[in-house]
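Data first, discussion second: the structure below is written as structure tokens.
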Amino acid sequence: MKSTISVLKADIGSLAGHHMVHPDTIAVATKVLSEGKKQGIINDFYPTFVGDDMEFIISHNRGELDQKVHELVWNALKEAANKAKELGLYAAGQDLLSDSFSGNLKGMGPGIAEMEIEERPSEPFVVFMADKTEPGAFNLPLYKMFADPFNTAGLVIDPALHDGFKFEVLDVYEGESIALNTPEESYDLLALIGTPDRYIVRRIYRKQDNMLAAVVTTERLNLIAGKYVGKDDPAMIVRVQHGLPALGETLEAFTVPYLVAGWMRGSHYGPLMPVSQKDARATRFDGPPRLVGLGFNLKNGRLVGPSDLFDDPAFDEVRRNANIIADYMRRHGPFMPHRLEPQVMEYTTLPKVMERLKGRFTKEEGSKKAKASIYTSTESNE
Ligand code: 13P
Ligand code: 13P
Ligand code: MG
Ligand code: MG
Ligand code: MG
């Protein structure tokens, strides 16, 4: 029988700013999901959070984008948002962009990463969840895990990985996708995914047998809502071992606190810091962007685990480096390249400030109007 792992998540409001999920809101959501488990809609679930994002790791046998599973989660998130309102939590209901449920969670605000798989005799997998950044933030580590032999020794050593992987990349602005094979199309792949705001690695398959290995949430709230409603803090599921990257090869990809877009007001580059569950709270400048990794096994549709993978002194030095980088980036204050580029700032409140200055410019003698506004990303605005 096929099993489905679903990671479904949303910011339903948080304690003391965009800081952390309140335990009472998780408690009411857990009640709803427990009821769904009793009714047999889902087999198992693990509720958790990273910063202000509530996350549910769920196992079931109903396939991807299943109406019943999604409706159950929608109800859990709604109840949690009601609790958030009752407690006066900040930005209660933030990511729930629609009032009524219709079919599945797509386009409603919550992030969705799901994989329907044939369970292996041992089915180890990791759920990575980040706060204060966006789905494209996983492009770099996914490339390292599945295509870089300096990260993943198995690409060289293990014949099962040696043929490489297929990356499915989504262009979020055009709404189209492309599949590229590694190692032979690595440079083409990098030409796209080096622009993580636009091109997002959505799924990865093992080339030799098309086995699904990784799935990422790709929902873009700003593009759904047409305005800034927080960052699309991402999550992903990565299967490991037995012809896939080893657990430690997936974790190795996070040993450089590389810069991601997000952090304060979703408007700044900052280092991604891998942390334990207990440190998964946004603090300094609403960050720095944080990552949690939970390791599970799936057995007969049940979740075994988790192990809190970054709760480990082996990552202390990464965190120290992240803090050094955070200090350095912060010293740029409102200047790029700490602050994001103007095309991306279009979805924040900065254009409103620019609007106020509109009548204040005086024309320069003999100067020509440039073609496009710097605040225009996809269309020219002549
Ligand atoms: P084991 O021999 O402990 O299974 O380890 C194999 C492996 O993949 C280590 O990275
Ligand atoms: P979230 O997407 O995590 O709610 O972040 C919003 C924000 O603006 C933080 O400064
Ligand atoms: Mg928030
Ligand atoms: Mg968040
Ligand atoms: Mg968010």
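For all residues, glycine too, the Cβ spot is worked out from N, Cα and C.
Values in this document were obtained by computation on a predicted structure and should not be read as measured data.
Record check: TrEMBL places ASP11, HIS18, ASP52 at the Mg(2+) 1 site, and the matching candidate among GLN94, GLN208, GLN241 is GLN94. Binding of beta-D-fructose 1,6-bisphosphate is annotated in TrEMBL for HIS18, TYR90, GLY103, ASN104, LYS132, GLN241, HIS242, ARG265, TYR347; the matching candidate from ASP44, ASP158, ASP286, ASP327 at the same site is ASP286.
Per TrEMBL, the Mg(2+) 2 site holds ASP52, ASP53, ASP233; the candidate it also names there, chosen from ASP131, ASP308, ASP311, ASP312, is ASP131. The Cβ centroid of ASP11, HIS18, ASP52, GLN94 marks the Mg(2+) 1 site; residues of that chain outside this set whose Cβ lies within 8 Å of it are ILE12, GLY13, SER14, GLY51, ASP53, TYR90, ALA91, ASP95, GLY230, given in sequence order. Taking the centroid of the Cβ atoms of LYS231, ASP232, ASP233 as the Mg(2+) 3 site, the other same-chain residues with Cβ within 8 Å of it are ASP53, GLY111, ALA130, ASP131, LYS132, THR133, GLU134, PRO135, LEU221, GLY230, PRO234, GLY262, GLY266.
Its own atom aside, the Cβ of ASP53 (Mg(2+) 2 binding site) has 32 Cβ atoms within 10 angstroms in the protein chains shown. Across the fold, the C-alpha of ASP53 (Mg(2+) 2 binding site) and the C-alpha of GLY103 (beta-D-fructose 1,6-bisphosphate binding site) stand 23 Å from each other. Ranking the recorded positions ASP11, LYS231, ASP232 by Cα distance from ARG265 (dihydroxyacetone phosphate binding site) puts LYS231 first. Checking each of the recorded positions ASP11, ASP52, LYS132, HIS242, ASP286 against LYS231 (active site, schiff-base intermediate with DHAP) by C-alpha distance, the shortest gap belongs to LYS132.
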